[in-house]
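Visitor: Take this structure first; my questions come after.
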Amino acid sequence: MAMRTHYCGLVTEALMGQTVTLCGWVNRRRDHGGVIFIDVRDREGYVQVVCDPDRAATFAVAENLRNEFCVQVTGLVRARPEGTTNDQLKSGKIEVLCHELKVLNPSVTPPFLLDDDNLSETTRLTHRVLDLRRPAMQRNMMLRYKVTMETRKFLDANGFIDIETPMLGKSTPEGARDYLVPSRVHDGSFFALPQSPQLFKQLLMVAGYDRYYQIVKCFRDEDLRADRQPEFTQIDIETSFLAEEEIREMFEGMIRNVFRNAAGIDLPVFPTMTYGDAMFKYGSDKPDLRVKLEFTELTELMKRVEFKVFSNAATMQGGRVVALRVPGGGAEGGLSRGEIDAYQEFVKIYGAKGLAYIKVNDAAAGREGLQSPIVKNLDDASLAEIIARTGARNGDILFFGADKEKIVNDAIGALRVKIGHSAFGKKSGLFDDRWAPLWVVDFPMFEFDEEGQRWSAVHHPFTAPKDGHEDLMDTAPEKCIAKAYDMVLNGIEMGGGSVRIHREEVQSKVFRALKISAEDAQLKFGFLLDALQYGAPPHGGIAIGLDRLVMLMTGAESIRDVIAFPKTQRAQDLLTQAPSPVDEKQLRELHIRLRNVQQPA
């Protein structure tokens, strides 16, 4: 006899009159007038089991059941009595009349009820095994599996092969901090866990494996946020002999296919926007296009005004002044004084010193129709031009950002999203509840690192410049555009990629632009430079964050809800208590001595 014939959640009226054997966990036990009802749960859902006192032995076992007991049930599938069906369940039209009931393993009293939606994250992560039994988490894990399965099916159908790359590699401290692994055999030397298989997948292209993929763990020792983990999973892909547009077309098709087949979601065609346009209109390289608000550029206009807050920002090197028009925000029933005050505090998180605003009571009345502490500091012509450029109407409110470009983009860009997602924004039609995908292209090749006083790569130093931009690396690196692209969905970067450098002389030129000496480049990347000299093909690829992808599909607030055993924001595993101290003997074998850190008095 089989230990199990069916999953609990898949027992339907199609099995009516048949005897089934089920295994699962007691979700709830109810005693109704001498008859005991048990909801038994497994990964597919619930089934209602009925224990009748006529079967004394079975009934005696049922009387002693408690939540989370692991049980085996054999019984007859029959229709539920009229009026007791549950349309929310696949098994909601049937019940199982219990013939045999066996406790496979009892359970101690759980520390929480699995249907408690108000648990702290600490409690959930400490008791992660129980948390993973919750139906919502089971759905998340099953969807994650479906996403990886559909990804593999698509890539296999398109000729990609799954090749594993090393977990123990060389540390290249140009990006985020590495997780280091000390070598016992090579005293004083360290491996690094991969932040990405970037260089290995490029080497595979040189080796002739023209379509590679891997669903792979990556590691970064960085400060954590809601959408970051020290170890994360990415869908890593590289291909030879495809142009940038062909790469984007292929992997847009893959993502649309995965959403449709794994989650029943039809994504629209991905529009394309340049990095410059995204920053100009939205202050972000991953704009949330569901929010119907855009910046109005005012930098040139504000150069001539006497109001120093605006004119100083407009005339400083790298300064910017923008307005954000919020339709209806200044009208009766619009943004309250408290909300405006809260937004003024909110932008300070991003380095803004404050948030100037103008309420438009009567756009046609000039100065008299405007309400704001700053109106007195602006001349009539400038006020009229602000109204004209923003297209402001009666009842609108205008918010202003004036500072260094990065601060303005970050602060007003975040404000735009916050207002759009607010109750006011949704009520006022400023938020379009839809799937809003996007390709952002034509990123700058370099950005200037003020602290290090040198140029650094925006994506990574292996990204190819756009055709005709190679010489700009020497003469005007700030104007050099990369063949890089990011895949954005609902304001979240799902993945990014680029066409890679496939010629050694261009790669060496990039290293020089980044002030990496020839000796240093040979020491850190000599294996790549050597490989590029052996007829390396044109190639490019993309890496898509699996955790973020599933988080978006499920609507989860954090990627911790779509990872089976995640770390906290302090990079700890509360279930296993990792990281933890190790024995002195282990440290000696690894040639490591811990410094005694003095505790502050």
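Glycine is treated like the rest: Cβ placed from N, Cα and C.
Pasting the feature list from Swiss-Prot:
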SITE      H32  site 'Important for tRNA non-discrimination'
SITE      G83  site 'Important for tRNA non-discrimination'
BINDING   E174, R220, H459, R500  L-aspartate binding site
REGION    198-201  region 'Aspartate'
BINDING   R220, D221, E222, Q229, E493, G545, L546, D547, R548  ATP binding site
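Where in this structure would I find these features, and how exposed are they?
Guide: With a cut-off of 8 Å between CB atoms and residues at least 6 apart in sequence, the same chain places nothing near H32 (site 'Important for tRNA non-discrimination'). The secondary structure of H32 (site 'Important for tRNA non-discrimination'), as reduced to three states from DSSP, is extended strand.
For G83 (site 'Important for tRNA non-discrimination'), the count of additional Cβ atoms within 10 Å of its Cβ stands at 5 [all protein chains shown].
In the three-state DSSP assignment, the secondary structure recorded for H459 (L-aspartate binding site) is coil.
In the predicted model, residues of the region 'Aspartate' (198-201) average a pLDDT of 96.
DSSP gives R548 (ATP binding site) a helix state.
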Visitor: In whole Å, how far is L546 (ATP binding site) from G83 (site 'Important for tRNA non-discrimination') when you measure between their Cα atoms?
Guide: 43
Visitor: According to DSSP, which kind of secondary structure is R220 (L-aspartate binding site) found in, if we only use helix, strand and coil?
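Guide: DSSP call for R220 (L-aspartate binding site): coil, neither helix nor strand.
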Visitor: Do you know which of the binding-site residues H459, R548 has the most other C-beta atoms within 10 angstroms of its C-beta?
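Guide: Checking each of H459, R548, the winner is R548.
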Visitor: Report, as numbers and ranges, which residues of the same chain sit near the region 'Aspartate' (198-201): CB under 8 Å and 6 or more residues beyond its ends.
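Guide: Answer is 165-166, 169, 212, 214, 236, 238, 460, 462, 525, 527-528, 541.
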Visitor: Looking only at R220, D221, E222, Q229, E493, G545, L546, D547, R548, which the record lists for ATP, tell me the maximum pairwise CA distance in angstrom.
Guide: 20
Visitor: How many other Cβ atoms are found within 10 Å of the Cβ atom of R500 (L-aspartate binding site), counting all protein chains shown?
Guide: 24
Visitor: Can you grab the distance from E493 (ATP binding site) over to H459 (L-aspartate binding site)? Cα atoms, rounded to a whole Å.
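Guide: Approximately 13 Å lies between the Cα of E493 (ATP binding site) and that of H459 (L-aspartate binding site).
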Visitor: Count the residues of the region 'Aspartate' (198-201) that DSSP assigns to helix (H, G, I), to strand (E, B) and to coil, and report the three numbers in that order.
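Guide: So the region 'Aspartate' (198-201) is made up of 4 helix, 0 strand, 0 coil.
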Visitor: Excluding near sequence neighbours, so keeping only residues 6 or more apart in the same chain, what lies with its CB under 8 A of L546 (ATP binding site)?
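Guide: In sequence order, R144, V147, T148, I215, F232, T233, Q234, I235 meet the Cβ cut-off.
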